[in-house]
Amino acid sequence: MSRTLVLGGARSGKSAHAERLAAQSGKDIVYVATASAGDAEMARRIAAHRADRPAHWATVEEPLALAATLEQWRAPHRLVLVDCLTLWLTNLLFADATDYPEVGAIALPRRFHDERAALLAQLDSGAGDVVFVSNEVGMGIVPFGAVTRAFADEAGRLNQAIAAASDNVVFVAAGLPLVLKGAAC
Amino acid sequence: MSRTLVLGGARSGKSAHAERLAAQSGKDIVYVATASAGDAEMARRIAAHRADRPAHWATVEEPLALAATLEQWRAPHRLVLVDCLTLWLTNLLFADATDYPEVGAIALPRRFHDERAALLAQLDSGAGDVVFVSNEVGMGIVPFGAVTRAFADEAGRLNQAIAAASDNVVFVAAGLPLVLKGAAC
Amino acid sequence: MSRTLVLGGARSGKSAHAERLAAQSGKDIVYVATASAGDAEMARRIAAHRADRPAHWATVEEPLALAATLEQWRAPHRLVLVDCLTLWLTNLLFADATDYPEVGAIALPRRFHDERAALLAQLDSGAGDVVFVSNEVGMGIVPFGAVTRAFADEAGRLNQAIAAASDNVVFVAAGLPLVLKGAAC
């Protein structure tokens, strides 16, 4: 049983790297897509990604309830590939069309805190391989707007928490992996 | 014959690192500048960069036709240093003053696709060392605007394609190199 | 005597890593906070950070005169931890409420140049361990606005200069270190 985090920037090749890891595992693959086709651009991106994956992989779409999805699908003969944590975080922060203030303290939704805690607990207790894909978003200029900064903060904190709970962590740039933790993968 | 990609953020020291690699090669250096002095700020940056380079290096300015420039200058006794791919991409996307929509699908210029394919083909078939400098632009918050996102996507895809076609890839941060592929360089 | 630079994105875990290095040194720790509580959000962040640090560490708040602060506190039995250089740079650039133009050449404050030179000189000549925390801000899309670009340029140049003057440089992502220079730390 192994838990792996594949971290990288936008269009870094992180999804392709994670899919290669999954294919090499020899296990049955369950692909968990956290993207929601909210607009036409996103729908095109989702369809393009799906066409790139092997047809025999099972695909599950779950924008919010990630812990329950892992609970349902993780098993010793399977590898669950979650792509990606950053969209899941976005979905949780904006699921309820919350009216965040432009400045000042941001109160994040209760559901975000609950889902995050449940995910970390499931990671610890469940059986079966998991590979997470996640974005590095904190290496540019700090963006304007309190909610965007809160998002950047939570994305970074989430990456740290998942990395700490993982056996392997790999950073991908230009399609090439740098091992941050665990075995080369 | 070696092809090297030096990847890094803005002001990461990537150009200085690439120039060091070039100087150490012992070959005749042809420096290909893709920057165009579109405004006064850029003209100052270009002049400052040029003053930093050895006077005996040949300088070629080519904002768009990179494959043809490599074809013309690559030779066993030379090293061609291209600085940088990200500006070349920008030049291609905005060469024709295209009126990109704010949202929705972005149709990239035909010339971009042609030049990109020609560059990758030239890399494979040509003889003589090449060193590319390129920006990592995908590790911040995903920017607003369909064309900016399309640019970020293409910049990342281009880095992946050039990295796959290169013998050596090095990531530079704070002036220090991390080898992603090939020999330490 | 060692000088260490801990570099990373926002919420990368760089501060926690630097604090771990400090705690492991066995020396008396002087924590130099460069943050100014300019608004309520920043005041909350500062208070939260402070609550996380050991109570017996000395804390010094110094937004601008970093060289003089190092001169005063560096000693063989102490480790001075500076968190962070990027805020110090921001403080210097905006200390005098300078009215930077939106486009064109940016004349940075004389005090910035003086403080930067003094810091690099002090680093070379002083005795006693120093650990710097600094942000990587150059790996996103190049931001709009001449002053923001000038800030990004200076932040990158500062990281290069401090890295060159340091014995150890470590890059932190998702809480995990990658050694760029010197011993694993």
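Just so it is clear, glycine is given a Cβ too, placed from its N, Cα and C backbone atoms.
Look at TrEMBL and you will find B:8-15, B:33-35, B:50-53, B:GLU61, B:ASP83 tagged as GTP binding site. The feature active site, GMP-histidine intermediate is assigned by TrEMBL to B:HIS49.
Shown here: features listed in TrEMBL, placed on the structure.
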residue: B:GLY8; record: GTP binding site; Cβ contacts under 8 Å, 6 or more apart: B:LYS14, B:HIS17, B:ASN135, B:GLU136, B:PHE171, B:VAL172, B:ALA173
residue: B:ARG11; record: GTP binding site; Cβ contacts under 8 Å, 6 or more apart: none
residue: B:THR34; record: GTP binding site; Cβ contacts under 8 Å, 6 or more apart: B:GLU62, B:PRO63, B:LEU66, B:VAL82, B:ASP83, B:CYS84, B:LEU85, B:LEU87, B:TRP88, B:ASN91
residue: B:HIS49; record: active site, GMP-histidine intermediate; Cβ contacts under 8 Å, 6 or more apart: B:SER15, B:ALA33, B:ALA35, B:ASP83
residue: B:ALA51; record: GTP binding site; Cβ contacts under 8 Å, 6 or more apart: none
residue: B:GLU61; record: GTP binding site; Cβ contacts under 8 Å, 6 or more apart: B:VAL32, B:ALA33, B:ALA35, B:SER36
According to DSSP, does B:ALA51 (GTP binding site) sit in a helix, a strand, or coil?
helix
Taking DSSP as the reference, which of helix, strand or coil describes B:GLY8 (GTP binding site)?
strand
Is B:THR34 (GTP binding site) helix, strand or coil when read with DSSP?
coil
Around the Cβ of B:LYS14 (GTP binding site), the count of other Cβ atoms that are within 10 Å:
28
